[in-house]
Amino acid sequence: MSAPEPKITPELIASHGLKPDEYQRILDLIGREPTFTELGIFSAMWNEHCSYKSSRIHLKGLPTKAPWVLQGPGENAGVIDIGDNQAVVFKMESHNHPSYIEPYQGATTGVGGILRDVFTMGARPIACLNALSFGDPSHPKTRHLVSGVVAGVGGYGNSFGVPTVGGQTRFHTRYDGNILVNAMAVGLADSDKIFLAAASGVGMPIVYLGSKTGRDGMGGATMASAEFDEGSEEKRPTVQVGDPFAEKLLLEACLEIMAKDCVIAIQDMGAAGLTCSAVEMGAKGDLGVDLDLDAVPTRETGMTAYEMMLSESQERMLMVLKPEKEKEAEEIFRKWGLDFAIVGYTTPTKRFVVKHGGAVKADLPIKELGDEAPLYDRPHVPSPKLPVIHAREVNAPMPVPEALEKLLATPDLCSKRWVWEQYDHVIGGNTLQRPGGDAAVVRVEDGPKGLALTVDVTPRYCEADPYEGGKQAVAEAYRNITAVGGKPLAITDNLNFGNPERPEIMGQLVGCLKGISEACIALDSPIVSGNVSLYNETSGRGILPTPSIGGVGLLDDFTKSATLAFKAEGEAILLIGETHGWLGQSVYLRDVCGREEGAPPPVDLACEKRHGDVVRGMIHAGTATAVHDLSDGGLLVALAEMAISGNIGASLDAPPDSTVAHAWWFGEDQGRYLVTVKEDDLLTVLSKLKSVGVPCTQIGTTGGHTLKIDGERAIDVKALRHAHEHWLPDYMAGKN
């Protein structure tokens with residue numbers, strides 16, 4: 001006999017993250033008091049994480065269509081066509097709150113969840129990326145969180161067998177109490193064999209696949225829709241536990257039943273577990289769903305209907321099966337050692353009915369749970385405009401060479417080798433460009449094509465000016481893909497913000513989305529998938545607005561690509577784009593001058609497109625021997641990275657007389673690239689760039705073992721490498 005369900009009280013309602021008006025909406029909708037299980041189901045489906053109730057109205061303005069887009073937002077992942085009946089399936093998603101509470105398991109299950117989103121669509125994962133945001137290095141928890149998250153990302157990806165090929169790692173005090181772990185997965189599928197979540201047909205069996213259900217992850221989606229407070233450590237039991245080896249078996253079994261044409265619809269059990277997957281499949285197919293929880297495989301005794309519906313145990317799928325394929329599908333899953341159980345059927349009623357122990361535990365209208373959750377147009381105010389920082393008003397606290405060495409050893413600009421060397425970035429044998437460059441390049445098997453992959457955002461820009469920051473995040477992804485020779489095709493986004501009930505935070509989200517939308521349109525990069533993570537606050541202190549952008553581009557011929565390393569001595573170094581010395585919100589202004597202030601650099605999207613097309617053309621023509629986009633740290637940091645990577649120095653001209661030297665070298669003007677060309681090609685290249693109206697300046701020549709600016713002290717490339725490589729391993733070893 002099951003235990004009596006708790007009485008529905010205002011305290012119980014509030015603990016489920018439901019506001020009084022939302023509970024009243026439930027009463028109006030079903031005409032009675034909900035059962036405890038029904039309250040849990042509404043809590044899961046109507047929270048921010050699953051319903052997007054604060055952001056959905058603004059997400060509708062994003063560009064999502066293009067001739068090459070096969071599937072846009074609304075499914076498990078986005079899909080783009082790359083020709084030859086090949087499709088790229090990709091998405092990025094957050095696992096922020098769990099990773100702060102339990103960094104290893106939070107990160108592992110973040111990777112596992114995004115991999116399932118991709119292979120649920122019928123794709124074999126070929127790469128993972130991530131964007132990690134940690135607190136101030138001096139904060140007592142930061143080192144522990146970095147260690148746990150990086151180990152978790154590597155532990156899952158390495159064991160599952162997918163390379164982790166790129167990402168971002170940043171540090172800022174605003175992430176002290178709320179780190180960000182954004183995971184991106186990319187897979188390949190046949191264009192004509194994409195599997196979706198919408199159920200079809202009445203009386204079709206609904207099958208539970210994968211690992212057994214336990215109590216781990218209880219209320220995870222609701223936790224991800226609330227602010228943290230001082231008691232957040234007590235939420236450790238709500239963090240899911242991942243098993244990458246079980247996920248590998250699930251991948252192979254799912255791809256096998258898909259190849260055998262067994263599947264009508266399929267959905268992974270992620271946030272809100274069985275509840276969300278069943279509701280979404282039924283609602284998208286305009287059908288009802290009847291579930292019998294007595295058939296659900298469990299690994300703990302005495303689980304209630306409430307617990308089974310809200311468990312977020314990992315490595316599980318829900319599938320609507322072709323009835324005639326039941327025996328064949330079951331044999332496949334048994335072969336792989338995984339559970340296979342028919343737990344329900346589709347119905348024509350448009351009701352979501354859950355039974356357990358012979359009793360009905362939930363009977364709810366399915367569309368209102370899924371497609372028609374509450375929708376808010378929350379008050380929002382624009383961020384105040386910050387003044388432009390004029391370079392001549394900023395005193396240089398140290399000579400340029402010393403400033404460069406200091407910047408290369410800062411937490412944000414130092415080499416992240418310590419991070420990515422813990423990831424297997426070459427498993428599968430298709431990684432052509434490893435982490436540490438502008439974008440990763442992964443070979444598409446059985447042909448000449450490659451994929452360029454990147455993750456980008458500059459949160460301090462988004463804080464200072466959300467609109468320009470949103471534009472810049474997309475533009476930098478565009479530049480990074482271009483810099484390796486890829487044609488940018490589409491993006492996935494992961495929008496991380498604070499409490500949307502605060503108008504200034506909602507204003508950041510609205511402003512960033514406006515900038516992202518404009519940039520996507522101008523740069524022909526539609527958004528095909530994404531995730532929104534709100535309430536990233538602890539005790540009222542929010543994170544920096546962090547709309548991570550995951551970009552995917554195509555190389556028709558991966559041999560026509562570029563890297564950032566200087567290749568040979570005696571080559572001309574060209575600066576493409578205009579340099580005005582914009583110091584506002586620059587890393588130099590913050591970390592050398594001690595001033596985190598000013599308006600961020602504006603982004604001219606027409607110039608971004610024009611400059612990108614020209615650079616890509618140079619790479620494909622073979623005239624560009626090395627390419628690097630300019631971003632954090634500006635011109636001299638980018639030059640140092642090229643020198644370090646190629647182990648070749650450079651002689652650099654002094655800045656133009658009309659500029660301020662430190663602003664010329666460290667300003668963060670947008671739309672710029674560094675390109676090296678052979679002396680024999682120089683005049684032809686300069687003439688070509690002039691004819692198409694793209695600004696270009698020769699600023700030096702490669703050669704030697706030092707980076708030498710005319711009139712300044714030379715710095716040995718070995719010294720630059722030491723500065724660049726040592727901060728992070730020393731920090732993790734407790735030496736700084």
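Quick reminder: no glycine exception, Cβ is built from N, Cα and C everywhere.
Of the residues ARG116, ARG334, Swiss-Prot puts just one in the substrate site with SER94, HIS95, ASN96, HIS97, GLN240, GLU312, SER313, GLN314, SER533: ARG116. Binding of ATP is attributed by Swiss-Prot to TYR52, ASP493, GLY530, and the same site annotation extends, among LYS7, LYS91, LYS416, LYS449, to LYS91.
Rounded to a whole value, the Cα-Cα separation of ARG116 (substrate binding site) and ASP493 (ATP binding site) is 17 Å.
Looking at ASN531 (Mg(2+) 1 binding site) and ASP117 (Mg(2+) 2 binding site), their Cα atoms lie 12 Å from each other. Checked against HIS49 (active site) by C-alpha proximity, the binding-site residues LYS91, ASP268, GLN314, GLY530 yield GLY530 as the nearest.
Less than 8 angstroms from the CB of GLU93 (Mg(2+) 1 binding site) sit GLY110, GLY113, ILE114, ASP117, ASN182, ALA183, MET184, ASN494, ASN531, each of them six or more residues away in the same chain.
Same-chain residues that are not part of TYR52, LYS91, ASP493, GLY530 yet have a Cβ within 8 Å of the Cβ center of the ATP site turn out to be LEU59, PRO73, MET92, GLU93, THR492, ASN494, LEU495, ILE527, SER529, ASN531, VAL532. Across the fold, the C-alpha of GLN314 (substrate binding site) and the C-alpha of LYS91 (ATP binding site) stand 18 Å from each other. Here ASP268 (Mg(2+) 2 binding site) is compared against the binding-site residues TYR52, LYS91, ASN96, ASP493, and the shortest C-alpha distance is to LYS91. Taking the recorded positions HIS95, ARG116 in turn and counting surrounding C-beta atoms within 10 angstroms, the largest count is reached at HIS95. When the recorded positions HIS49, LYS91 are compared by the number of other CB atoms within 10 angstroms of each CB, HIS49 has the fewest.
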